[in-house]
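Novice: Have a look at this one before I ask anything.
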Amino acid sequence: MNAKIRKMLHNPAASGILIFLAAVAAMAVENSAWNTHYNAFLDIPVSVQFADLTIAKPLLLWINDGLMAVFFLLVGLELKREFLEGELSQPSNVILPVVGAVGGIALPAAIYTLINQGNPAALDGWAIPTATDIAFALGILALLGKRVPASLKLFLLTLAIIDDLAAILIIAFFYTSELSPASLMIAGSAIGTLILMNRLGVTGISGYMVVGIVLWIAVLKSGVHATLAGVVLGFVIPLKGEEPGELSPLHQLEDDLHHVVGLGILPLFAFANAGVSLQGLTPSILLDPVPLGIALGLFLGKQIGVFGFVWLSIKSGLAKLPEGFTWKQLYGVALLCGVGFTMSLFISSLAFEHGSSALVSGAPDMGSARLGILTGSILSGIFGYILLRFSLPKPPQ
């Protein structure tokens, strides 16, 4: 591979840029003569058979239920590593990001709920503006290069990881349909097997993957969202290798998945889910409760919630402002937390999966949700970048 291309792909901003380009491509195709081909592509039936078990889903659901399980596997690996040997292993490093994450979840959810309180069906989308897209937010921050203090980047990363953990819990508790006891028993047996393998010191990743596939199928059939199987699998992958100094299975798998997810799965997910039809679009549609609640939740709720809760915790003596960055820079990061994008799109697919892509006034469907997500995320990204660009130290001449 050309050295310049390799360097570009290893740039932290690469994933965010690809996700953005994929979303732009989806919107361009959806609003062109190729839109029927785009939707037909996402509706392609894909069947996989295991003995007598057949799983048949359109391609879109394979992306959302299957490939996104790989994304959540990576999230599970990162969470385990951070809690056991990373920044989250030190309680003093956790307080401020946790407080910020709580504010960044509570206020957006409250804003959305307040705006949509007259529509019970729309209330299912309350969690959509609570999410933060790690790859996109860090990608925007990476555009500012070495001007960004390490402590500021670490704060955003830690807050986003905690935000992901909250998203996992929200999906598990609030977006689970009717449960299948038989499938849950199989899933429980698979989890027990994975834990036993970990306890016995099994370090071969392939064995965990085989049992993980069984777990994914069981969770898929259980009524719990299948992506949670990825999180569970990530939690049981061993953190230590067989020999001292050897690359552990967790670190190896995390390294292997990092670029697959950031440069492949997330851009593909964005392309499959960001197609918004602009036909008949007028500014008034943004004032409909669903897109308005999501857009304001992401843009206003996130920045005020994150910054406000952090400010209160510091002023009350609960935490300290980390060395190396200022209040203005902290506010810029709070703005970047409003870039919900892929995570918000994912949660909206759970909340409004019954809806069409048509933008119907007041209807709780994917179309109106996507519009709100794109608006809130773009505004948060632009204003966050501008504020950080002017508040960070000037690069050396």
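Cβ atoms are placed via backbone N, Cα and C, with glycine included.
This is the feature table in Swiss-Prot:
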type: TRANSMEM; residues: 9-29; note: transmembrane segment
type: TRANSMEM; residues: 59-79; note: transmembrane segment
type: TRANSMEM; residues: 95-115; note: transmembrane segment
type: TRANSMEM; residues: 125-145; note: transmembrane segment
type: TRANSMEM; residues: 154-174; note: transmembrane segment
type: TRANSMEM; residues: 177-197; note: transmembrane segment
type: TRANSMEM; residues: 222-242; note: transmembrane segment
type: TRANSMEM; residues: 260-280; note: transmembrane segment
type: TRANSMEM; residues: 292-312; note: transmembrane segment
type: TRANSMEM; residues: 332-352; note: transmembrane segment
type: TRANSMEM; residues: 371-391; note: transmembrane segment
Novice: Please determine whether the transmembrane segment (222-242) and the transmembrane segment (9-29) are in contact (criterion: at least three Cβ-Cβ distances under 8 Å, sequence separation 6 or more).
Specialist: no
Novice: Against which stretches of its own chain does the transmembrane segment (260-280) lie, if we need a Cβ under 8 Å and a gap of at least six residues from its ends?
Specialist: 9, 14-15, 18-23, 25-27, 29-31, 35, 38-39, 42, 59-60, 63-64, 67-68, 70-71, 74, 135, 341-342, 345-346, 349, 357-359, 366-367, 370-371, 374
Novice: Take the C-beta pairs under 8 A between the transmembrane segment (154-174) and each of 59-79, 95-115, 292-312. Which stretch has the highest count?
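Specialist: Going through each listed stretch, the top one turns out to be 95-115.
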Novice: Within the same chain, where does the transmembrane segment (95-115) have neighbours whose Cβ lies under 8 angstroms from its own Cβ atoms, ignoring anything closer than 6 residues to its ends? I mean 6 or more beyond.
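Specialist: That would be 123, 125-130, 132, 155, 158-159, 161-163, 166, 289, 292-294, 296-298, 300-302, 304-310, 312-314, 318-320, 322, 334, 337.
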Novice: Taking residues 6+ outside the transmembrane segment (9-29), which of them lie with a CB under 8 Å of any CB in it?
Specialist: 35, 37-38, 133, 135-143, 259, 262-263, 266-268, 270-276, 278, 341-342, 374
Novice: Can you tell me which parts of the same chain pack against the transmembrane segment (332-352), counting only residues 6+ beyond its ends and a CB-CB cutoff under 8 A?
Specialist: 19, 23, 64, 68, 100, 104, 124-125, 127-137, 140-141, 152, 155-156, 159-160, 163-164, 167, 170-171, 175, 225, 227, 266, 269-270, 273-274, 294, 298-299, 301-304, 306-307, 310, 364-366, 369-370, 373-374, 376-377, 379-381, 383-385, 387-388, 391
Novice: At a C-beta cut-off of under 8 Å, are there same-chain residues at least 6 beyond the transmembrane segment (292-312) that contact it? List them, or none.
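Specialist: Distant contacts of the transmembrane segment (292-312): 96, 99-116, 122, 125, 128-130, 132, 159, 286, 319, 327, 330-331, 333-335, 337-340, 344, 348, 369, 371-373, 375-377, 379-380, 383.
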Novice: Six or more residues beyond either end and a Cβ under 8 Å away: which residues meet both conditions relative to the transmembrane segment (177-197)?
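Specialist: Contacts of the transmembrane segment (177-197) (Cβ under 8 Å, skipping residues fewer than 6 from its ends): 207-208, 211-212, 214-215, 218-219, 221-224, 229, 232-233, 236.
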